[in-house]
Amino acid sequence: MKLKTVLLAAVAATALAGAARADVLIGTAGPTSNAEALFGTTWQNGMDLAVRQANAAGGVQGQKLQLVREDDGGDPKQGTLIAQKQCDNKEMLAVVANFNSGVTIPSSDVYNRCGLPQVTNASNPKVTKAGYKNLFRPIANDLAQGAAPAEYALEKLHAKTAAVVHDKQAFGQGVAEVFRDTFTKGGGKVTSFSGVAQTDVDFSALLTTIRSENPDVIYFGGVMPAVGLFVKQAREFGLKGTFFGADSAFTPDFIQGAGAASAGAIVSFQAPPYDSSDALKTFAADYKKAFGEEPGPYSAYGYVEASIIIEAMKKAPLPLTREGIVAEIAKSDFESVVGHVAFQPNGELKQPFIFLYQVKDNGFSLVK
Amino acid sequence: MSAKKPWCTRVTSDAKTTHIPWLGAAVLLLLPVAVLILGQFLPTYPLRVLDMILLYAILGLGLNIVVGYAGLLDLGFVAFYAIGAYSWALLASGQFDIHLPFWLVLIIGAGLAGIAGILLGIPVLRLRGDYLAIVTLGFGEIIRVLMNNLDGLTNGPQGIARIDEAHLFGWTLSTPLDFLYLLVGLLIIAFLFVWRIEGSALGTALSAVREDQDAARGCGIDTTRVKLVAFCTSAMIGGAGGVVFAAMQRFVSPESFTFWESLVIVLVIVVGGLGNPFGAILGATLLILIPEMLRAWADYRLLLYGIALVLIILSRPRGLLPRAYGPSWLMRRLGGGR
Amino acid sequence: MGSVILQQTINALTVGSIYALIALGYTMVYGVLRLINFAHSELFTAGAFIGLGLAGALGVSGHPFAGVLVGVITFVIVGLIGVSVEIVAYRPLRGTSRLAPMLSALGMAVVIQNAVMLIAGRRPLIYPSFLPNGVVEIFGAIVTYKQITIFAVAVILMVGLELFVNRTNLGVRIRAVAENAETASLVGINPNTAISLIFFIGPGLGAVAGILYSSFYGVASFTMGFVIGMKAFTAAILGGIGSIPGAVLGGFLLGAIETFATAWMPVLTGGLIGTEYRDIFAFSVLVLILLFRPAGLLGEHVSEETMVYKSDF
């Protein structure tokens with residue numbers, strides 16, 4: 001009996017000592033090696049910045065944080081393997097994963113099974129359908145993303161016709177369908193709804209067809225660099241309609257890539273531009289100092305997603321546990337650099353932020 | 001097959017020995033048992049990796065029939081794998097609210113893939129060499145683009161989520177350990193099946209086609225039929241693998257079935273050793289394990305992966321386990337016969 | 001309607017020129033070694049990035065003459081990379097098995113792509129145009145100077161290659177080795193010289209295609225090679241692999257098929273088959289052509305013997 005107590009105490013002491021010594025690990029998985037490598041890497045850099053700042057401020061409840069980055073290559077199979085690896089790592093208390101909806105859906109099964117708090121950047125509405133309590137999405141989903149520009153086109157621009165193009169990927173097609181449905185419901189006419197391949201760079205054939213339809217509005221559901229090329233070629237072909245794009249067009253690359261053609265284009269994004277508030281200006285400056293380059297389109301989101309976890313860790317009871325952090329994330333209620341963060345019971349934001357920007361004088365200006 | 005054999009003799013299996021090679025059989029049996037025992041002690045992540053290795057070993061065994069035995073390069077194998085995966089996704093999910101049992105879909109998936117193999121085979125098998133490779137490549141891409149575009153059937157790029165859990169005769173397959181049992185079982189079946197083919201008249205015909213198609217035809221072998229059978233059986237194994245993959249992930253989307261996956265499976269058998277069932281298993285082990293072990297290298301991971309591939313192929317161009325060192329060889333060595 | 005057809009034809013010729021230039025690299029290597037050189041598409045990408053780096057280093061950009069200079073230097077650099085890749089990764093495997101070099105090429109493709117990523121970064125780079133700006137209108141169709149330049153450069157290079165192969169001493173050696181390496185070595189031609197030459201010219205042309213491509217579309221990313229490489233390879237097969245005029249014809253044909261399929265498939269089928277089926281269409285045409293002309297459009301009618309590789313695997 002006595003021996004048992006001693007043993008238990010020893011085990012408890014080692015465990016405590018271990019907890020005090022070891023860093024608290026936060027995991028992340030996103031594409032850092034394929035066509036989306038830029039998004040994935042700059043997104044993870046944003047998290048890295050949040051972790052570094054938290055450590056500089058003394059860590060969380062006396063413990064240092066460490067970000068463990070993984071590359072899922074945008075591949076669902078690798079996503080589940082990494083999820084399991086992170087689950088098995090007992091020191092890992094939360095993850096920011098994944099970047100793609102197609103990876104998040106299967107990986108969330110794995111994360112759910114081990115109760116690891118998961119904050120995702122995937123915008124497909126289906127992601128939260130499983131009703132997992134440990135899954136949170138602090139960004140607007142595709143429904144909001146596609147609807148806002150359609151409403152704007154109908155109400156503000158009084159557009160009657162629209163040509164809709166998408167890249168046949170989960171995100172691009174998702175938002176394009178929402179745009180089409182919202183636009184049609186509002187009385188507009190969609191002249192054509194076409195898919196292109198994600199890797200396409202030449203849209204001349206499609207644009208020649210669209211030119212003959214002469215639409216008021218052209219909506220492109222897809223990601224950079226395709227969206228930049230599309231706008232550029234559209235203008236070269238003399239298309240006059242107002243161009244609308246989805247979030248990933250919200251980058252300086254878009255304006256540079258499309259050149260003068262981008263002027264007047266309207267882009268929807270979940271975050272305000274990096275120069276729109278003091279908090280974001282500071283963020284962009286810090287980012288540049290840390291990584292030597294401008295932040296990518298999702299850097300601010302990576303930063304916010306990691307911050308959500310860090311904020312929750314600050315409040316969670318010691319010793320930190322996965323369950324404790326899940327409970328605290330669910331109670332999140334703070335002002336992040338992009339907007340107010342508070343979750344519904346299904347893990348979606350209470351008030352998803354979506355902004356529309358217009359390209360003016362080589363910069364983005366807020367229109368809505 | 002040694003060159004000394006007179007043309008067109010009826011060659012019987014090399015493996016056929018008059019007595020049962022007990023020792024060989026025991027060694028062969030020991031392997032899966034060892035894997036299962038190992039599975040009891042492994043943490044979940046290595047278990048999942050082990051599952052992936054077994055899955056790719058099964059796919060490698062399937063592709064080996066066409067590439068290793070018949071000598072036809074198939075660069076679109078992922079198409080059959082996709083057909084199997086989508087069979088489970090469509091026949092056991094809320095997509096059309098059909099919920100068939102796992103064993104049935106395993107048969108259906110393998111069957112559909114087999115039919116696709118025959119349908120592809122009939123027109124293309126008269127092509128030779130690399131033209132066949134290119135047409136199969138095109139077929140693989142066509143299947144993937146169809147999966148991506150037939151939104152009404154496959155949900156397009158969004159994929160099919162919330163697929164049923166697999167049940168097999170009252171046993172629920174949910175943890176990686178459950179799948180380890182299933183995959184070890186399937187691997188044994190596929191292994192014995194492939195090995196049987198190797199030693200059968202069909203196997204002899206296949207190697208005849210591989211070595212010299214015209215001579216084979218001259219010996220009365222219906223080369224087209226032999227190739228069709230090879231294509232069909234190989235596709236069936238690929239389809240079965242796809243069903244298991246979908247049951248494991250419980251989510252399918254076209255991004256899992258790219259041309260790269262076809263290439264990985266070809267790599268599995270070439271690195272391991274063409275025409276050798278052990279080779280497929282060893283190749284799968286290396287090709288799944290190396291990228292996982294390189295994770296610590298972060299940015300340099302794929303660069304090192306590429307270098308490792310080139311080095312392995314340069315050092316062993318005929319694979320780590322060449323054709324001659326297959327299970328029959330093991331049996332002979334251990335069985336003491338011949 | 002006429003102007004639309006003309007416009008689409010011009011679009012097709014631009015895309016086709018680039019496919020054809022890349023296809024040449026595949027077809028030359030295949031013709032001699034029967035090897036699908038998977039690394040070729042990544043050398044195309046490397047060419048675009050090296051061109052960009054050179055333009056920065058030399059302080060020239062945006063000028064057509066600077067473009068010629070950059071193009072020539074890039075051709076040489078990438079050509080030399082191509083030669084070294086062959087010596088390191090393919091030559092030791094010659095005569096072992098046919099699949100081994102192909103998969104070694106695949107490994108090299110992964111290596112080159114990731115090397116480009118590590119050196120140039122993941123961010124798609126905005127590419128300065130080396131091509132003249134401006135447009136002309138011909139019968140209602142808009143033709144940019146860029147399109148004209150791309151077509152012209154491609155034609156000059158292709159005619160030059162054809163003359164080189166058919167009219168020069170070195171060209172004769174290449175053809176001899178392509179025909180039969182063993183016989184060629186009997187008459188005193190060193191196959192290695194010819195093969196190195198092929199691995200110099202093919203990737204060099206691919207690199208020029210990379211510069212043209214990135215200049216035209218204004219962007220270069222480290223992953224751009226894979227898809228375009230696969231299409232160029234399809235073009236090479238379409239025309240008859242191993243045949244230089246075949247690769248050119250295949251390139252233009254594939255460009256035309258893609259362009260017109262995108263433009264008219266949705267119209268002809270009443271929207272049933274959309275533009276997203278373009279790739280299926282291209283591959284289906286390939287399959288059909290191979291079924292009726294198993295050696296491709298301009299492929300030589302070789303006897304079945306030479307197409308069968310006995311116990312190669």
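Including glycine, each Cβ sits where the backbone N, Cα and C put it.
Since we're looking at a predicted model, the values are computed, not measured.
Here is what TrEMBL records for this protein:
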type: TRANSMEM; residues: C:12-36; note: transmembrane segment
type: TRANSMEM; residues: C:43-62; note: transmembrane segment
type: TRANSMEM; residues: C:68-90; note: transmembrane segment
type: TRANSMEM; residues: C:102-122; note: transmembrane segment
type: TRANSMEM; residues: C:142-165; note: transmembrane segment
type: TRANSMEM; residues: C:194-213; note: transmembrane segment
type: TRANSMEM; residues: C:280-299; note: transmembrane segment
Region pair the transmembrane segment (C:194-213) / the transmembrane segment (C:142-165), three or more CB pairs under 8 Å: yes
Stretch winning on C-beta pairs under 8 A with the transmembrane segment (C:12-36) (pool: C:43-62, C:102-122, C:142-165, C:280-299) is C:142-165
Contact set of the transmembrane segment (C:142-165) with the rest of its chain, CB cutoff 8 A exclusive, min separation 6+ beyond the ends, reads 7, 10, 13-14, 17-18, 20-21, 24, 64, 71, 129, 131-136, 171, 174-175, 201, 205, 208-209, 212, 215-216, 244-245, 248
In terms of Cβ proximity under 8 Å, which residues at least six beyond the ends of the transmembrane segment (C:68-90) contact it? 33, 35, 39, 43, 46-47, 50-51, 54-55, 58, 60, 101, 104-105, 107-108, 112, 130, 153, 195-196, 199-208, 210-211
